[in-house]
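Below: one structure, written as structure tokens.
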Amino acid sequence: LVNEMNGAGNLMDFLDEPFPDVGTYEDFHTIDWLREKSRDTDRHRKITSKSKESIWELIKSLLDAWSGWVVMLLIGLLSGTLAGVIDLAVDWMTDLKEGVCLSAFWYSHEQCCWTSNETTFDDRDKCPQWQKWAELMTGHAEGGGAYVLNYFLYVLWALLFSFLAVSLVRVFAPYACGSGIPEIKTILSGFIIRGYLGKWTLLIKTVTLVLAVSSGLSLGKEGPLVHVACCCGNLFCSLFSKYSKNEGKRREVLSAAAAAGVSVAFGAPIGGVLFSLEEVSYYFPLKTLWRSFFAALVAAFTLRSINPFGNSRLVLFYVEYHTPWYMAELVPFILLGVFGGLWGTLFIRANIAWCRRRKTTQLGKYPVLEVIAVTGITAVLAYPNPYTRRSTSELISELFNDCGALESSQLCDYINNPNMSRPVDDIPDRPAGPGVYNALWQLALALVFKIVITIFTFGMKIPSGLFIPSMAVGAIAGRIVGIAVEQMAYHHHDWIIFKNWCRPGADCVTPGLYAMVGAAACLGGVTRMTVSLVVIMFELTGGLEYIVPLMAAAVTSKWVADAFGKEGIYESHIQLNGYPYLDVRDEFTHRTLATDVMRPRRNDPTLAVLTQDSTTVEDVETLIKDTDYNGFPVVVSRESERLIGFVQRRDLTLAIKNARQKQDGVVSSSVVYFTEDAPQLPASNPQPLKLRRILNLSPFTVTDHTPMETVVDIFRKLGLRQCLVTRSGRLLGIITKKDVLRHMAQMMNQDPESIMFN
């Protein structure tokens, strides 16, 4: 018998070489960070010990160590290139709605008039090579008929672009819609959504992003660029087994990719790293910090080589202000912060209410119709107003701009005093001319329009970012406040507050600065970013000396918005979709214990467990068929209930399936055992099956009296998937991540079933 047993032993240990797919996760499941970490450590140990054997193994270990940096380099290159292409395409297609360049149709309006000899400085936008559609078709540039024709074609192009975008998303990549940041946050917290970062999603999102932004809808390309960069990261992870086989390691690469995404979206590499750290990442070790830094650097460098804005600058809205700011100006800055916080709250509540309607009513069944309707309304209302007709980035750029001597914008139509002799660049305060008052009216209308339309646009079935529309709302409000303060200072410079800082004949208020502060305040109110927001804003504009006003506005807007509700827009969308996301910022203050949350509850059937040496293959298969748990605790025996370990459901199914195919003599009545040595069985019994290899011998346990506060903390910081509850070694129950989320929802009087993501 002993010899027979040894012979069988060789067969039974076939599991010591793990077969493919053991330890992988199913779709829409949470990963176990601890397990991923220990698997990576084992892999690392193996490589290190092997590297001493031969030169070839040493080279392999060096390649393995460098693979991380190679992945970062590739992510930076690809996301920088894609961002540059997207920028160029958006420029061209936005201008295509108004007219076409005759000398080369692939030139945008600006590029078309650069090469022209006929442009004068005052009319730099007018050149014979660029013709509006009406002029091209009828030969008349001015007049009512031309206006109507241009208007009609503008709306038509917008509808065409958005229809193409929504159709591509629907047919080829349903995951390419929205901003993608809520899902990226959930994926980085250890959730698996297969296909969300796939090749199709990458391709379709890049194409539809250009279409969606060009259609003139109130959305930006910044959020979706983070999703695009993460798709690039996922693509390159599949080339290296170190990342493709370890979900925890893959999350580190995706954190760095998110940083590269923000880096190219705004031309703000440091802001990108901080954004990844503050806003999207769940687990951010030091190693990931410098890898993100490197990825963001390469991405920014690539974008700069492509030079999409044609001004040899990386930043989107470069500003040069020549005046300092004064202490008294902190009051309007803080008021802009309050406005930003209130707008953030209003936007989040209204947008979530609208998205909830979309999910629960008939509206959600017609995504194409919804996109076309919103585009139609946007285009029809946007065309008459010159500030909403152009692309949102151009609008923000103009609002940030300081009025120099050479500006042709309507916002710079001040009345000049011809008697004053002065150097060109030092323009004193002047009374506003009719153009400024006209512009103020149009800006006020644009503000109302943007506030309302953005609520309905974000969350439609096309790629839609939120950074640019929020910044536009803030920039418009800020510019209006700035001009008001400037005119007050001009007309009442003898008032005590203006006396200290406004000398007659000098420039003392910069309206563009107010626009910049307003933009930061509104963006902060919606996303609740603080540090990364300020860094992105000053990298974006190059206005380094205005850090204090930006900080004041960002902090105020966060305080005001937090007073009405702690969640930013991304957290709210995560909750709306019911993703299992444990927010690090949520406080858990209730006095409950682990025993109140664990299952089984008092009236539930007993816990489904396996025993270490008395369960047959048939029992295991029945258990798997009758339950849908992710895994099963293994105990010594049903009487003692002493815990030995935990085995994953997927690993168990694969192991039994594999054993039935490859190993003779395994039948339904074979005993499955998890101990070191095989149980002593009579010779007539079928051959047993040893599955110790797939057993986790150190499952995480807490006692039944552990406060829930501690349990929530453990789940958050260690990224657990489940945790067993014991009392003096005896198994009592189990707590999963979803149980924790349900319990937290119940404690906040929300519907606990909304957590279940199906």
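The backbone N, Cα and C atoms fix where each Cβ goes, glycine too.
Just so you know, TrEMBL annotations never went through curation; they're auto-generated.
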Worksheet item: Ranges 225-241, 310-326, 395-411: which does TrEMBL label transmembrane segment?
Response: 225-241
Worksheet, complete the sentence: Ranges in play 330-354, 555-579, with TrEMBL marking transmembrane segment at 330-354
Discussion item. Please determine whether the transmembrane segment (466-485) and the transmembrane segment (330-354) are in contact (criterion: at least three Cβ-Cβ distances under 8 Å, sequence separation 6 or more).
Written reply: yes
Response to the item:
Counting Cβ pairs closer than 8 Å to the transmembrane segment (513-538), the top stretch among 151-173, 193-213, 253-277, 366-383 is 253-277
Worksheet item: Taking 66-90, 330-354, 439-459 as candidates, which has the most Cβ pairs under 8 Å with the transmembrane segment (366-383)?
Response: 439-459
Fill in: Region pair the transmembrane segment (253-277) / the transmembrane segment (66-90), three or more CB pairs under 8 Å
yes
Worksheet item: Would you call the transmembrane segment (66-90) and the transmembrane segment (225-241) in contact, using three or more Cβ pairs under 8 Å, pairs 6 or more apart in sequence?
Response: yes
